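*Asks:* I have a structure here, written as structure tokens, and I will follow up with some questions on it.
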Amino acid sequence: MAAAAAGPASSQRFFQSFPDALIDGDPQAALEELTKALEQNPDDAQYYCQRAYCHILLGKYCDGIADVKKSLELNPNNSTALLRKGICEYYEKDYASALETFAEGQKLDGTDTNFDIWIKRCQEIQNGSEPEVSASQRTQSKIKYDWYQTESHVIITLMIKNVQKNDVRVDFSEKELSAVVKIPSGEDCSLKLRLLHPIIPEQSTFKVLSTKIEIKMKKPEAVRWEKLEGQGDVPAPKQFTADVKNMYPSSSHYTRNWDKLVGEIKEEEKNEKLEGDAALNKLFQQIYSDGSDEVKRAMNKSFMESGGTVLSTNWSDVGKRKVEINPPDDMEWKQY
């Protein structure tokens with residue numbers, strides 16, 4: 001990975017941390033670009049560590065272990081590589097090795113609370129108490145949600161931010177909905193609903209956004225749901241009549257103006273004040289998220305080939321040439 005030998009420390013951190021934003025957006029594309037980058041720089045410890053992160057997001061934990069081992073051979077003091085190695089070992093059910101790896105990483109970086117979380121999970125499993133099946137934790141891990149309906153769909157919104165699509169599982173059946181979401185801390189949150197009326201599972205979908213998860217369940221006919229869940233006797237369905245004011249029922253048992261709520265969330269995100277690295281990361285994540293496939297390819301290729309010193313959205317330019325290393329004027333690029 002490239003680093004600046006002189007100049008602001010924030011720029012150095014930016015060069016080292018920005019690839020994770022690209023990986024989160026499209027782990028498969030990032031995996032391909034990192035593989036190309038490693039063909040040119042086979043001794044780059046950071047590239048191996050970043051590619052291991054791609055494997056984790058794609059669920060390829062054995063490949064992830066191979067990459068972090070190579071990364072640690074090149075740079076034994078990389079706590080991030082140890083964290084990713086431990087996560088891969090955990091999901092491969094090698095809990096003893098995972099615990100040892102997390103403990104080693106914690107010695108290198110005692111400020112990273114991720115090590116505490118994963119060490120606790122390993123210890124609970126080794127002691128014979130699986131945290132994910134604990135009744136008390138199931139209660140604590142229920143997902144908060146709201147719902148509303150249109151003539152054709154029932155829409156459920158899960159109030160969870162900043163999760164990846166690979167960490168979300170939603171299953172539809174005619175009278176039941178279940179969802180499991182792995183949040184950034186590693187904890188599984190779940191939702192299971194016995195629906196008041198049938199839905200069409202094959203035409204029901206979900207979408208993962210930065211601020212929420214939206215689930216759309218297709219109605220077989222245009223009837224109004226008086227509530228979301230139901231068991232036993234079901235009240236006779238009423239013909240759907242569109243509500244002019246968009247006032248919808250919610251799991252909180254009171255009426256809510258959903259359009260107003262969505263507007264408030266968007267306004268809050270728009271006005272959120274970020275500084276330094278956080279502001280840069282948010283800007284580039286937004287460009288990547290909203291960009292076309294060509295824009296994403298251009299950003300991946302330019303960043304990887306230039307060692308983190310160039311970021312281009314112009315595929316017609318960078319697609320036909322190798323992007324050269326071009327650090328800022330007050331910095332010197334070095335390989336480590």
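Cβ coordinates come from backbone N, Cα and C, glycine included.
So Swiss-Prot has the following annotated:
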{"type": "DOMAIN", "residues": "247-336", "note": "domain 'SGS'"}
{"type": "MOD_RES", "residues": "Ala2", "note": "N-acetylalanine"}
{"type": "MOD_RES", "residues": "Ser252", "note": "phosphoserine"}
{"type": "MOD_RES", "residues": "Thr255", "note": "phosphothreonine"}
{"type": "MOD_RES", "residues": "Ser302", "note": "phosphoserine"}
{"type": "REPEAT", "residues": "11-44", "note": "repeat 'TPR 1'"}
{"type": "REPEAT", "residues": "45-78", "note": "repeat 'TPR 2'"}
*Asks:* What same-chain residues, at least 6 away in sequence, bring their CB to under 8 Å of the CB of Ser302 (phosphoserine)?
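*Replies:* Sequence-distant Cβ neighbours: Val310, Leu311, Ser312, Val318, Val323.
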*Asks:* Averaged over the whole of the repeat 'TPR 2' (45-78), what is the pLDDT?
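*Replies:* A mean pLDDT of 91 is what the predicted model shows over the repeat 'TPR 2' (45-78).
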*Asks:* Summarise the repeat 'TPR 2' (45-78) by DSSP state, stating how many residues are helix, strand and coil.
*Replies:* 27 helix, 0 strand, 7 coil
